[in-house]
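A.B. asks: So TrEMBL has the following annotated:
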TRANSMEM  A:12-31  transmembrane segment
TRANSMEM  A:81-104  transmembrane segment
TRANSMEM  A:110-129  transmembrane segment
TRANSMEM  A:150-170  transmembrane segment
TRANSMEM  A:190-209  transmembrane segment
TRANSMEM  A:246-264  transmembrane segment
TRANSMEM  A:276-295  transmembrane segment
TRANSMEM  A:307-326  transmembrane segment
Amino acid sequence: MSGYPEIFRVLAYIVGTLAFVGLNAAFLVWLERKVAGHIQRRIGPKEVGPFGIIQSLADGIKLMSKQLVVPERADGLLYRLAPLMTMTTAIMVFVTIPFGPALVARDLNLGMLVIFAFASVNVLALLLAGWGSNNKYSVISATRAVSQNVAYEVPMLITVATMVMIVGTMNLNEIVGQQGNLLQWKIFPWNGSVMLPVAFLIFFICALAETNRAPFDLGEAESELVAGFHTEYGGMGFGLFFLGEYAYVFVGCALTSIFFLGGWQCPLGWAPGVHWLLIKTYLLVFVVMWIRWTFPRTTIYGLLNLSWKVLVPFALVNLIVTAALLKVF
Amino acid sequence: MGTENLQHPPVVHFATLDKLLNLGRANSLWPLTFGLACCAIEMMATGASRFDLDRFGIGVFRPAPKQADVMIVAGTISKKMAPAIVTLYEQMPHPKWVIAMGNCAISGGPFKFEGQYGIVEGADKILPVDIYIPGCPPRPEALIEGLLLLEEKLTGSRRWPRVEPQ
């Protein structure tokens with residue numbers, strides 16, 4: 001890890017992450033529209049390029065060349081700051097994600113903590129966007145997004161604490177290193193605690209809710225709140241919010257696969273590498289889209305009740321049972 | 001083209017860049033989600049599974065005017081509704097286009113008679129209309145043809161060969 005100046009590593013990380021976030025969003029927008037189309041017995045984008053794959057490029061050109069409008073009575077600074085903030089945190093969470101055995105920007109001891117810390121700041125960006133636009137729908141949507149994120153961070157972090165007790169480290173690369181083949185994946189109940197499948201479900205549901213995806217997209221409920229916190233954002237401001245959202249979808253699914261599905265390890269233990277993390281993550285992303293286009297949106301009360309009355313008790317039981325099992329055996 | 005709606009057209013034109021931008025815009029025309037009367041039902045049918053506007057990249061109906069590019073005026077414009085429609089149009093960022101869908105949006109249609117007091121006789125009385133789609137209501141194929149005409153207006157070339165009427 002030495003032999004070249006530190007600045008090259010930082011540059012490689014910034015360029016690589018920006019390129020990855022952009023390409024990831026372009027691919028996921030196209031995939032989302034294709035999945036939505038096929039689930040609704042349509043075809044989805046097909047005329048712009050073969051199978052419509054350059055549809056996202058056309059959308060990007062269009063968004064970048066739109067007129068920039070700042071609403072007259074908006075708070076100009078916060079209004080301009082919010083999309084940048086959501087993008088900055090989205091890029092920062094990629095610092096400690098281990099794409100491969102050696103392919104990680106910074107192999108920190110507390111890598112997991114860094115990701116959750118920066119992901120929490122994203123909520124502040126949504127709040128600033130809603131507050132700065134001076135639009136009543138944006139403010140309602142921002143408060144909803146904040147209450148939802150606060151509610152779902154509790155069971156998510158309790159589950160993560162359980163996982164840390166089992167694996168005994170907060171370094172994501174070491175967590176992956178413990179899951180050499182299919183039978184050692186932490187989703188299975190014989191790898192530390194009988195509650196592990198429950199932990200997987202809780203974590204995945206919380207990841208869905210944290211990224212504001214349907215059926216938990218109360219923040220941008222079109223039927224009630226026009227377009228939610230980005231009602232007043234057009235052009236690339238809106239585009240940045242979507243880049244950030246898809247980056248977070250990727251990060252949520254990548255974390256799920258790192259914790260429970262073995263990250264960059266091959267299920268059969270042959271050839272670990274980047275491709276396995278990408279395959280597992282994009283399969284989970286597909287499940288996220290499948291859920292989005294299958295289930296209707298919940299209500300805000302149903303959403304909060306699910307968190308405080310179902311997920312938090314289950315996460316606590318999971319914590320206690322796991323602690324007891326670790327103590328006894 | 002494409003910038004002709006601007007009140008202050010750009011001083012300098014970059015030919016190739018403008019072509020690229022217009023190609024991008026033509027392939028990602030996001031309509032504003034709103035309907036005024038029965039033509040809106042045909043518009044919904046055009047977006048749904050049998051006709052599928054998303055094939056052309058048009059299927060992203062945006063609820064917020066800040067994110068929309070095309071305003072499809074689908075239906076009768078009553079005089080009470082006209083100020084709201086003008087507000088929505090003014091909230092859309094440039095470049096933006098308007099499609100008048102159906103006879104009511106073209107001229108007032110069946111509601112135009114001497115002494116009527118309720119409706120605006122045509123969307124072009126209040127908005128700069130780019131494409132007119134006749135019909136009462138127009139079929140989804142006609143709306144698709146109208147959107148393809150708008151793409152042709154932007155890029156100068158036709159996506160599919162034109163079908164001659166028999």
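Using the three backbone atoms N, Cα and C, a Cβ is placed for every residue, glycine included.
TrEMBL annotations: computationally assigned, not manually curated.
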A.B. asks: With the transmembrane segment (A:110-129) as the reference, which stretch in A:12-31, A:246-264, A:276-295, A:307-326 has the largest tally of C-beta pairs below 8 Å?
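C.D. replies: Stretch with the highest Cβ contact count: A:246-264.
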A.B. asks: If we call contact 3 or more Cβ pairs under 8 Å (sequence gap 6 or more), are the transmembrane segment (A:81-104) and the transmembrane segment (A:246-264) touching?
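C.D. replies: Yes, the transmembrane segment (A:81-104) contacts the transmembrane segment (A:246-264).
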A.B. asks: Considering only Cβ pairs within less than 8 angstroms, which of the stretches A:150-170, A:190-209, A:246-264, A:276-295, A:307-326 has the most against the transmembrane segment (A:12-31)?
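C.D. replies: By the under-8 Å Cβ criterion, the transmembrane segment (A:12-31) pairs most with A:246-264.
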A.B. asks: Are the transmembrane segment (A:276-295) and the transmembrane segment (A:150-170) close enough that 3 or more Cβ pairs fall under 8 Å, when only pairs 6 or more apart in sequence count?
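C.D. replies: These two segments do not touch.
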A.B. asks: When you scan the chain for residues with a C-beta under 8 Å from the transmembrane segment (A:276-295), skipping those not six or more beyond its ends, what do you find?
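C.D. replies: Residues packing against the transmembrane segment (A:276-295) from afar: 28, 31-32, 35-36, 39-40, 98-100, 204, 208, 213-215, 217, 249-250, 252-254, 256-258, 261-267.
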A.B. asks: Same-chain Cβ contacts of the transmembrane segment (A:190-209) under 8 Å, 6 or more residues past its ends?
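C.D. replies: Same-chain contacts beyond the flanks: 148-149, 151-153, 155-156, 159-160, 162-163, 166-167, 184, 216, 252-253, 255-256, 259-260, 284, 288, 291, 303, 306-307, 311, 314-315, 317-318, 321-322, 325-326.
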